[in-house]
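Engineer: I'd like to ask some things about the structure below.
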Amino acid sequence: MARWGAARMAACGPWGRNRRVGAGDAFEASEVRRDGRSRMMPACGPWGAGHGGGDPALERELSRDGSHYSISSAILPSLGARSNRRIKLRRFIISPYDRRYRIWETFLIVLVVYSAWVSPFEFGFIPKPTGALATADNVVNAFFAVDIILTFFVAYLDKMSYMLEDDPKKIAWRYSTTWLVLDVASTIPSEFARRILPSKLRSYGFFNMLRLWRLRRVSSLFSRLEKDRHFNYFWVRCAKLICVTLFAVHCAACFYYLLADRYPVPTSTWIGNYMADFHERSLWIRYVTSVYWSITTLTTVGYGDLHAENTREMIFNIFYMLFNLGLTAYLIGNMTNLVVHGTSRTRNYRDTIQAATSFGVRNQLPPRLQDQMISHISLKYRTDSEGLQQQEILDSLPKAIKSSISQYLFFHLVQNVYLFQGVSNDLIFQLVSEMKAEYFPPREDVILQNEAPTDFYILVSGSVELVEQQNGADQVIQVATSGEVVGEIGVLCYRPQLFTVRTRSLCQLLRLNRTAFLSIVQSNVGDGTIIMNNLIQFLKEQKENSVMAGVVKEIESMLARGNLDLPITLCFAVTRGDDFLLHQLLKRGMDPNESDNDGHTALHIAASKGNEQCVRLLLEYGADPNARDSEGKVPLWEALCEKHAAVVQLLVEGGADLSSGDTGLYACIAVEESDTELLNDIIHYGGDVNRARRDGTTALHRAVCDGNVQMAELLLEHGADIDKQDGNGWTPRALAEQQGHDDIQLLFRSRKAATASGHHHVPSSTTTRVAPAAAAASLIGRFNSEPMMKNMIHEDADLPSRVLPEKLRRKRVTFQNSLFGVISSSQAQRETDHPLSRGGLAATGSPNPSSGSRNAVIRVTISCPEKGNTAGKLVLLPQTLDMLLELGAKKFDFAPTKVLTVEGAEVDEVELIRDGDHLVLVSNEWDAEKMKGKS
């Protein structure tokens with residue numbers, strides 16, 4: 001610790017080597033030395049006083065890492081850099097990116113501007129140092145002398161390693177071998193220079209001209225301003241060009257006057273010929289005249305009133321005009337570039353419009369298509385010119401920023417679309433991140449009828465019409481407005497688009513690609529089921545449209561047959577009340593105890609809806625009758641609440657009771673509703689009226705608070721405790737006294753007296769409890785399966801059926817690549833990986849009798865060819881082959897001895913028979929070859 005403190009003290013210097021991170025210090029963060037070591041050190045020194053952890057000022061400084069300095073000029077961290085929080089420089093060494101050092105540099109630039117004007121002026125017009133001008137020069141030189149000393153302590157960026165070099169020796173050597181000589185020469189006072197120079201060179205401004213070396217700082221300033229987003233680039237460039245022009249004119253004017261002033265014959269000079277007594281004229285008149293001739297020469301106007309009179313002036317004019325050629329080219333080139341850049345979009349727009357018009361005329365396109373082409377190009381130009389290039393901007397951003405922007409703009413819109421009602425926010429966030437916003441002009445086709453389903457759109461603004469072509473004419477079927485979705489039927493069902501979608505006004509649409517959509521659904525199978533249900537419900541509501549009705553029938557047919565191995569959850573089938581679909585799903589090995597995010601199982605839903613057949617199927621396939629959801633509810637409670645007596649009986653026969661649920665909650669609900677029948681049912685089916693809710697409240701507490709004497713009496717009859725405390729320490733007795741319920745207090749006293757005398761028997765709530773389920777059923781677990789999806793194979797879209805010849809037309813639209821088919825691939829993988837599919841269930845999907853699940857309903861077709869019956873009869877499979885033979889004898893009035901398959905193979909074990917098999921009952925005299933011949 002002492003060593004660390006000493007190191008900290010040694011690190012502090014007058015220039016704040018370890019100063020706080022300022023606006024320009026974003027990448028000075030980690031202590032990265034050339035030896036590769038990294039260490040965190042506190043800041044100290046007058047240019048950045050040290051602060052402890054959690055200092056608000058330091059946090060404010062660190063929050064400025066995103067400033068324009070940190071991006072435009074500071075050090076970028078190298079690949080693999082472990083930290084970028086602070087650079088520890090040596091003692092007395094200053095970072096070139098320190099905020100205060102930059103302020104110092106900006107102050108020096110003001111002095112450079114002064115030097116740029118005064119140095120040529122003194123060189124041309126002032127013969128010797130005088131008054132305030134000489135004093136000002138010396139003050140400016142003093143500041144630059146300080147800067148020379150300061151430069152020996154400023155770290156520099158090594159161009160090889162791109163790291164700050166803070167070795168004082170290397171800094172001094174680099175400065176000494178580069179700019180030190182010129183910097184020192186430009187700060188020599190004029191008086192001292194006149195003394196050390198020969199008499200012929202004792203010009204006042206000779207050494208002053210070396211100060212122009214400082215102009216490199218102005219060039220750096222303009223370079224930095226051009227990259228600064230707070231300044232307009234056009235005006236920064238214009239200011240730079242103006243400064244260059246004025247400086248050239250000023251220098252040339254000073255040189256012109258110097259030539260005339262030093263010429264032996266004053267009248268033989270450019271100004272002496274025009275103004276013979278120019279030496280007696282004021283300094284202002286001479287300077288203005290010089291600037292006048294300089295600028296007329298620069299602009300090549302040349303009125304002829306001023307011209308060169310001697311050889312010196314002619315030679316200078318030659319070089320000056322050569323310089324003007326280069327300067328003029330530089331100015332014109334820069335201004336042309338700035339102007340052309342502003343008009344290039346318009347030029348490209350006109351060229352594109354002309355090309356599109358020529359294309360339409362040359363290919364004899366219909367006027368409607370030509371208008372759509374022109375409208376689309378015009379809208380694109382408008383969005384570009386108004387700064388609405390949203391997709392270009394979003395594509396240039398990182399994924400996280402792009403997703404955040406999309407979520408902010410479109411999340412609530414997508415959330416309210418009917419297709420995504422009830423899905424998780426995670427799915428909507430993923431969908432919004434993949435959507436692309438597009439503009440469409442009025443009367444433009446967005447989707448064409450019968451085209452391949454590649455995208456669907458959500459309307460942000462505007463309206464579109466759904467058009468169907470009938471007998472060669474367009475008929476508007478429906479109008480969609482903001483917040484609605486179009487094209488989803490073709491994408492989800494993988495069939496050609498049903499309608500042409502055409503804009504009615506300027507529209508902004510969100511486009512979602514089918515491939516991206518289905519990829520997201522792959523990882524959200526539960527939400528995919530909700531989307532399918534929403535689609536089916538929406539299509540059912542479109543009864544007046546025959547096309548929609550046909551799509552509904554097709555989807556319903558595929559669902560009923562279960563031919564697609566759809567991974568539709570059991571909850572989906574139960575919600576629809578489709579017991580046949582539920583049976584198909586259970587036979588495929590789906591977990592009967594699979595729950596949703598709230599813990600609801602299919603048995604919860606079936607019990608709540610009172611669907612006896614679904615409840616029976618689920619129990620036969622091993623559903624846990626006492627499964628508990630996140631709220632503590634069990635299926636039996638759902639059935640009791642809805643008064644489904646038949647379902648209650650089925651559940652009780654399957655081993656259901658209320659003891660595994662939150663019976664305290666149940667009893668409180670019954671008391672709140674003052675439902676004595678429900679309370680009696682709770683007690684009858686294993687509920688404990690003394691059990692408390694999560695907050696410690698019992699049903700008796702609730703009855704006392706409500707002043708319900710009848711419910712309180714019923715609870716007391718079944719063993720409710722009047723002295724049981726809730727979460728706040730209140731007992732029912734204390735509550736009755738506190739709230740002044742005299743009837744309940746009297747009831748409590750009489751009940752206590754009867755109990756003390758021993759004349760009243762209080763039945764235990766456990767004496768009527770239903771026997772628990774079998775051990776095997778109680779061990780059945782519930783889990784929320786997350787199916788592993790197979791990689792989806794995106795086949796090429798089929799050609800629209802309506803544009804194919806009749807012989808090449810598909811007989812039926814395939815759903816293999818629809819949303820149903822895509823999600824079904826996940827179910828196949830889940831069945832393969834499911835633990836119940838290995839050992840727990842037979843390979844066929846039928847329950848294995850060895851596992852105790854033989855109670856499943858298996859239907860088979862039996863026939864007796866010896867009696868002339870080949871069509872067969874559908875019967876339930878008995879438990880043994882002997883029972884099956886007896887059943888056949890009754891059905892066909894015949895005594896069979898063997899069971900064969902339709903292929904002629906003899907069946908020896910009933911476990912080999914699958915649901916839906918066709919069995920043949922024959923006698924020993926039957927020849928199997930006859931059956932093969934018939935088949």
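Any Cβ shown, glycine's included, is placed from N, Cα and C.
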Engineer: Are K88 and E309 on matching sides of the membrane - judged by whether Swiss-Prot gives them the same topological domain name?
Structural biologist: no
Engineer: Which stretch, out of 9-28, 289-308, 669-688, 889-908, is listed as intramembrane segment by Swiss-Prot?
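Structural biologist: Residues 289-308 are the ones Swiss-Prot records as intramembrane segment.
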Engineer: Which stretch, out of 179-199, 410-430, is listed as transmembrane segment by Swiss-Prot?
Structural biologist: 179-199
Engineer: With Cβ-Cβ distances below 8 Å as the criterion, list the same-chain residues six or more beyond the ends of the repeat 'ANK 4' (662-691) that contact it, or say none.
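Structural biologist: Tertiary neighbours of the repeat 'ANK 4' (662-691) are 628, 631-633, 636-637, 640-641, 648, 652, 656, 697-700, 702-703, 706, 708, 710-711, 714-715, 718-721, 724, 765-766, 768-770.
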Engineer: Under 8 angstroms, Cβ to Cβ: which one of 107-127, 241-261, 313-333 has the largest number of such pairs with the transmembrane segment (206-226)?
Structural biologist: 107-127
Engineer: Run through the repeat 'ANK 2' (598-627) and tell me, per DSSP, how many residues are helix, strand and coil.
Structural biologist: 17 helix, 1 strand, 12 coil
Engineer: Mean pLDDT over the repeat 'ANK 2' (598-627): what is the value?
Structural biologist: 88
Engineer: Treating G and I as helix alongside H, and B as strand alongside E, what does DSSP give for the repeat 'ANK 3' (631-660) in helix, strand and coil?
Structural biologist: 16 helix, 0 strand, 14 coil
